[in-house]
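Per TrEMBL, the features are:
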| type | residues | note |
| --- | --- | --- |
| DOMAIN | 31-313 | domain 'ABC transmembrane type-1' |
| DOMAIN | 346-579 | domain 'ABC transporter' |
| TRANSMEM | 28-50 | transmembrane segment |
| TRANSMEM | 70-100 | transmembrane segment |
| TRANSMEM | 146-165 | transmembrane segment |
| TRANSMEM | 254-275 | transmembrane segment |
| TRANSMEM | 287-306 | transmembrane segment |
Amino acid sequence: MAVPAEGPNPPPPGLAGLLRLLGLQGSLVGVSALSASVAAALGLVPFFVVSRMATAIYAQPPRLDEVRTLALVAVGALLLRYTFVAGSTVLAHVAAFRILHDLRLRIAHKLGAVPLSFFSRRTTGSLKTTLMDDVNQVESFVAHNFPDAVAAVVVPLATAIALVWVDWRMAIASIIVAPFAVGAMAYTMRDGADAHVQWNAIQHRMNSALLEYIRGIKVIKTFGLSAARFGELSRSIQEGLNWMEGFMRTNGRGYGAFGALIGSSLVFLVPAGGWLYSKGELSLEELVLFLVLGPQLLMSMMRLMFAWGNVEKVQVGNARIREILLTPDLEDRAGTRVPAHDGLCFRQVDFRYDEAGPDVLHQVTFDAPAGKVTALVGPSGAGKSTLVKLVPRLWEATGGAVELGGVDVRELPLEQLLSRVSMVFQDVFLFHGTVRDNLRLGRADATEAQLEAACRAARAHDFIRALPQGYDTMLGERGARLSGGEKQRLSIARALLKDAPVLLLDEATAFADPENEARIQEALSELCEGRTVMVVAHRLSTIATADHIVVLEGGAVRDQGTHEELLSRCSLYQRLWASHSDAQDWTLGGADARTSGGMEVAS
Ligand SMILES: Nc1ncnc2c1ncn2[C@@H]1O[C@H](COP(=O)(O)OP(=O)(O)OP(=O)(O)O)[C@@H](O)[C@H]1O
């Protein structure tokens, strides 16, 4: 599917932004609005017909032929009206869905292009609200409100002109309450824009809390937390309720006054009409015309008010869409430099997640030589995982440089950089799709033989074959049908298929199942063969056999060297090694557990 990256700039804020959005499908929207106006004007024809009929019926003798003709005109006008309504609706919906499609694609494309830091400042719920609800609001505005709003302006204007032309005094009587109604509307909507901003913010919080609640439902169930106790969700729902009650308390009177005034035009039309009719200054036809059409004039103001309310709502969503579309992409230099080799080098790297936050890495300097295994070890929170994420530019170093083959990774075209790096992390994400689809993320054009070879090497082929439809088995959301170890092996197969020269590996901290662990280790050995490997190491065997070990503490390199060198001189490494070794011997239920069937934590 083509991404409209070359589409118009993000819509400007406010009303201009909405018009720009409408302009994306200008001709469809224009014809739809025109059809809606014609349809609304045709809707007035029966009122004129009724007024003419009154004189025809009360004539002496009654002009029945004219009544019949007028009835046919009314029916014809109504049929024509429905044709225009249908045309307007279809065109408006087509335009709206095209705009919706364009916006969603552009937002999705943008989300794929922005740096990861963009997401750390937002919740998934708020992004979902923009991608779905805000865009839907634009769709609904284009499909429903815009044609309605145009008709709601055009028709009262045309009606007012027609009524003034028939009798200006009665025309004034028809709209005499309008200034008061407008006053009531202005009073009611005085804080309309602010109110929409507040309401939208509450909805965002509600969405985020709801999403988190669903995601964390296992923990909530495990700890017996009911919805009411899940603080943020129940608070945001209560907040929404309070806001709505407050809004209605403040604005209910204004809405009531507006509704009453809009519906009260007959109070003025009946006495004024009766008086003018009795003086012979108004014909029966004109009197009936004002009695049936006069109230309609004000009723269309009601539609205008609803349309305006929606304009404000869409503007709030439009501002959020705009904010996303204006976020700068991760800079992608179309450089011509080619890495001289597949070694990694960290040169005085500083990093912090938040501009205002503390440094997570300071002056980190070390080499991960080509074709060798470099292990990162250190206490929890030392910055090991963060360091690994700087290589594929998931995050950008705030100082110093990360180099691949002697070239700063920021100087390499992103596609080239990413094609050289594979990542196997503990938290494996599998997309909703078949096993084969998930594997092909590694290499889209892989042949069946290549897929199978990679899965055999990753020790995944047998369990995939045992699945109900083998490689065609659908994996549920987040690959729910596979065990943690199986997911790991699938991600190793994916990395094998990608066949990138640099491998970044975040080892799993523990496996409950020794058989699974043994298979994963075999698969990893196949994967590491001949590549530059940088591994966040948790296993003794990986640590002891690594070519180079970097010891991190508090975001800085404490020491580096081989296992033997570090054991002889680095006290932190000695402590880490000792605690790893202790963990190796540790079993749940004491030393006897192995023989008595207790669960082993480490094999
Ligand atoms: N997305 C994030 N936003 C802000 N701070 C973060 C983020 N991820 C990690 N940190 C912080 O950065 C520091 C280093 O974390 P990191 O995950 O790199 O450590 P680690 O050595 O891999 O720890 P572990 O072995 O426990 O996984 C920690 O203080 C952590 O709280």
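Cβ from N, Cα, C; glycine included.
A TrEMBL annotation is a machine prediction, not a hand-curated record.
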Under 8 angstroms, Cβ to Cβ: which one of 28-50, 70-100, 146-165, 287-306 has the largest number of such pairs with the transmembrane segment (254-275)?
287-306
Within-chain partners of the transmembrane segment (28-50) [C-beta distance under 8 Å, separation at least 6 from its ends]:
22, 70-71, 73-74, 77-78, 80-82, 84-85, 87-89, 91-92, 94-95, 98, 142, 146-148, 150-152, 154-155, 158-159, 288-289, 292-293, 296, 300
Counting only residues 6+ away from its ends, which parts of the chain sit with a Cβ under 8 Å from the transmembrane segment (70-100)?
21-22, 24-25, 28-29, 31-33, 35-36, 38-39, 42-43, 45-46, 49-50, 52-53, 56, 135-136, 138-144, 146-147
When you scan the chain for residues with a C-beta under 8 Å from the transmembrane segment (146-165), skipping those not six or more beyond its ends, what do you find?
22, 29, 32-33, 35-37, 39-41, 43-44, 88-89, 92, 171, 174-175, 289-290, 293-294, 296-297, 300-301, 303-304, 306-308, 311
Are there residues at least six beyond either end of the transmembrane segment (287-306) with Cβ under 8 Å to its Cβ atoms? List them, or say none.
40, 44, 47-48, 50-51, 54, 145, 148-149, 151-153, 155-156, 159-160, 163, 166-167, 170, 173-175, 177-178, 181-182, 185, 189, 258-259, 261-263, 265-266, 269-270, 273-274, 276-277
The predicted model's mean pLDDT over the domain 'ABC transporter' (346-579) is 85
